[in-house]
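What follows is a short report on a single structure.
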Ligand SMILES: *Cc1c(COP(=O)(O)O)cnc(C)c1O
């Protein structure tokens, strides 16, 4: 090692204090490019700049906590999927992050959009996304939602149960409409990810089981319905997946199902949707596959498996959410308090409390998600300390970042930016502890635009209509 730290022995001790995967960076002020929106840098004053805007300025003009999306980075990631998966249809999973403007970006970049509820449909349509480019998901769509989707001319409905098939038929008959349908199946694949976001194994609420025979029965049922035009099969095996092996097994099993369906009915299914779940880098421990490489791997697997089953290559679609909006977004917090807590091993941990927490990012509490962060308003030459960034809520589990190295001089008033916060943070926000939800802002070419304004206490008071 050529780099000599002045405080070498202190660093060695601090370095051992964190979890094994967490390495002590040589320079705490450095921003790892794989974690941040493309082009993120520090300006001459040491402030982090995203989309041409200094985060300190964002904090000054819009307050904290706040979510900031780099519009150009979001668009570039959407385009990378569209271009790499060139003859596929790409559905952006709106549940990851959605507003009218986000829907418009998705539309302008030529993608389709997945929605799950009336609310998501309404926002997507209000953003100008044509209904024909919407995929309607969910394991408990109401008759009202199905009716609305059909009235609007929704592109397709991804069916999740026999009761839903009944509802679709009823709505179609009432409206004189025909529904384009994919059947969501469970392939038994358990993707290598946290249990709560691994959705294709059998014992869970989504989809119809291939193993149990329900998937084939649902396909046959849809095929025989005069109201339904059956398009094909849908499989989504989980989220934050880094390897293609799970997809390979899912492809094999869905194609085998398509083959069984052909034998049973003489019909070859036109379409296969492989869902989303492509992993992103939250910390230095994550190394996602570049989108182009992912597309090449998928194409190879499909060609191989289709040949093996003697099936024509179906029309294909995928549904990335996190991989488009996640890395494009950061959360911005202000530090309120800092305190050291002595640990049993004689070391200490620095608790850094910020002005948000589990109400704007539930993921660490919900499924032990890991994040990293950086001091956003300045650089620091102070020694590193092992820190835990926590929120302001009344829960011991209100932890945003379990382990991260921050400069020892971090203090109230400093700003912290958390990369990888574009997906499943603001979209999952709650009003726990009667905290108003933070705004969603977009930065582009030095300008900040508000996509979702900050909730106010008046908003909360207005909802409370009791005596
Ligand atoms: C959540 C979800 C996605 C998107 O998952 P990401 O991990 O954000 O890519 C895609 N399809 C379905 C059916 C989903 O439920």
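Quick reminder: no glycine exception, Cβ is built from N, Cα and C everywhere.
What TrEMBL records for this protein:
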- 277, 319, 320, 321, 322, 424: pyridoxal 5'-phosphate binding site (BINDING)
- 322, 363, 367, 395, 424: substrate binding site (BINDING)
- 73-325: domain 'Orn/DAP/Arg decarboxylase 2 N-terminal' (DOMAIN)
- 95: N6-(pyridoxal phosphate)lysine (MOD_RES)
Please name which of the recorded positions listed here, 95, 363, 367, 395, is nearest in space to residue 322 (pyridoxal 5'-phosphate binding site), Cα against Cα.
95
Which number gives the other C-beta atoms within 10 angstroms of the C-beta of residue 363 (substrate binding site), all protein chains shown included?
22
Same-chain residues six or more away whose CB lies under 8 A from the CB of the residue listed as 'N6-(pyridoxal phosphate)lysine'?
114, 115, 116, 120, 321, 424, 427
Of 320, 363, 424, binding-site residues neighbouring ligand 1, Cβ under 6 A:
320
Please identify, from the binding-site residues 319, 395, the residue with the sparsest Cβ neighbourhood, meaning fewest other Cβ atoms within 10 angstroms.
395
Entry from the binding-site residues list 320, 321 having the most other CB atoms no farther than 10 A:
320
In Å, how long is the longest CA to CA span across 277, 319, 320, 321, 322, 424, which the record gives as the pyridoxal 5'-phosphate binders?
15
Using C-alpha atoms, which one of the binding-site residues 277, 319, 320 comes nearest to residue 395 (substrate binding site)?
277
I'd like to confirm something. Which of the binding-site residues, 277, 319, 320, has a Cα closest to the Cα of residue 363 (substrate binding site)?
277
Quick one: largest C-alpha distance among 322, 363, 367, 395, 424, binding substrate per the record, in angstrom?
27
277, 319, 320, 321, 322, 424 excluded, remaining Cβ within 8 Å of their centroid (pyridoxal 5'-phosphate):
93, 96, 239, 276, 278, 323, 324, 326, 423
